[in-house]
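Participant: So Swiss-Prot has the following annotated:
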REPEAT    8-97  repeat 'Solcar 1'
TRANSMEM  10-27  transmembrane segment
TRANSMEM  72-90  transmembrane segment
REPEAT    111-196  repeat 'Solcar 2'
TRANSMEM  112-131  transmembrane segment
TRANSMEM  171-190  transmembrane segment
REPEAT    203-303  repeat 'Solcar 3'
TRANSMEM  209-229  transmembrane segment
TRANSMEM  278-297  transmembrane segment
Amino acid sequence: MGEVKDWRPFVYGGVASITAEFGTFPIDTTKTRLQIQGQKIDQSFSQLRYRGMTDAFVKISREEGLRALYSGIWPAVLRQATYGTIKFGTYYTLKKLANERGLLINEDGSERVWSNILCAAAAGAISSAIANPTDVLKVRMQVHGKGQHKGLLGCFGEIYKYEGVRGLWRGVGPTAQRAVVIASVELPVYDFCKLQLMNAFGDHVGNHFISSFIASLGSAIASTPIDVIRTRLMNQRPVSITMNGVVTAAATPKLYSGSLDCAVQTIRNEGLPALYKGFIPTWVRMGPWNIIFFITYEQLKKY
């Protein structure tokens with residue numbers, strides 16, 4: 001019977017991820033807008049339009065409509081269908097393999113932290129690299145909002161036309177790094193907290209809620225600087241050039257040459273705190289996202 005259930009962590013992870021994405025996506029949109037603003041070397045996003053998460057939420061809703069908060073939701077759903085399914089399925093599969101080889105459980109019955117971290121890091125890196133194109137589409141659509149893009153297929157066509165297949169893999173390095181950091185912190189911390197709280201709360205919703213909240217704070221602190229770099233790299237595109245009234249595009253963007261260059265220029269031009277732009281919406285979103293995800297996941301496991 002155990003063999004039959006091997007596919008279930010993958011399906012449960014995907015369904016729970018998509019459910020959580022729908023519930024928290026507007027917060028993610030405000031985070032993306034905050035992270036790309038204030039880039040002094042990019043005139044399109046040099047202005048500080050939003051003072052914070054609440055201001056961004058209000059202005060986007062008022063100026064672009066409530067639907068703009070869900071710009072990019074479909075590539076986000078596609079991302080979770082791949083990223084979420086592969087990440088959580090791979091994580092729990094690797095844990096099972098580690099357990100079978102005696103690498104997971106200590107003599108006192110507790111789980112080994114290093115084993116959990118390695119399983120989570122591997123799962124995060126693999127899944128994020130595979131899902132990177134959907135992440136690029138999501139960021140592009142979030143930045144421009146409703147009415148300024150042609151939808152999922154239109155955005156895909158524009159990237160392919162002007163940037164080629166490589167355009168869909170912009171930011172794959174920091175994306176994988178971010179996924180490794182989040183997975184290495186979030187999943188082991190959740191499992192650790194859940195185990196520690198088992199005597200007080202049992203394997204119930206209260207335990208899942210508290211464990212999710214603690215896990216989200218740690219992952220937000222660790223991952224936000226990488227997330228800022230990732231978002232900026234994904235959003236950069238060929239610079240528009242007008243010649244004889246015809247708009248063309250340069251062969252390559254000249255804003256950032258890579259992750260390190262983006263980090264250096266961001267700190268130099270905007271200061272070190274710029275790497276934590278969007279931290280509040282990141283944490284505010286991670287909390288509910290993890291709570292929705294893990295509660296959904298735990299409930300699905302019962303069937």
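Keep in mind that glycine also has a Cβ here, set from the backbone N, Cα and C atoms.
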Participant: How does the repeat 'Solcar 1' (8-97) divide up by DSSP, counting helix, then strand, then coil residues?
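Facilitator: Its residues divide into 74 helix, 0 strand, 16 coil.
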Participant: Are there residues at least 6 beyond the ends of the transmembrane segment (209-229) whose Cβ is under 8 Å from a Cβ of it, and what are they?
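Facilitator: Distal contacts: 35, 171, 174, 177-178, 181-182, 185-187, 189-190, 193-194, 197, 201, 259, 262-263, 266, 274-279, 282-283, 286-287, 289-291, 293-295.
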Participant: For the transmembrane segment (10-27) against the transmembrane segment (112-131), do we get 3 or more Cβ-Cβ pairs below 8 Å once near-sequence pairs (under 6 apart) are dropped?
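Facilitator: Counting Cβ pairs under 8 Å (6 or more apart in sequence), the transmembrane segment (10-27) does not reach the transmembrane segment (112-131), since there are fewer than 3.
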Participant: If I take every residue in the repeat 'Solcar 3' (203-303) and average their pLDDT values, what number comes out?
Facilitator: 83
Participant: Using DSSP, tally how many residues of the repeat 'Solcar 3' (203-303) sit in helix, strand and coil.
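Facilitator: So the repeat 'Solcar 3' (203-303) is made up of 70 helix, 8 strand, 23 coil.
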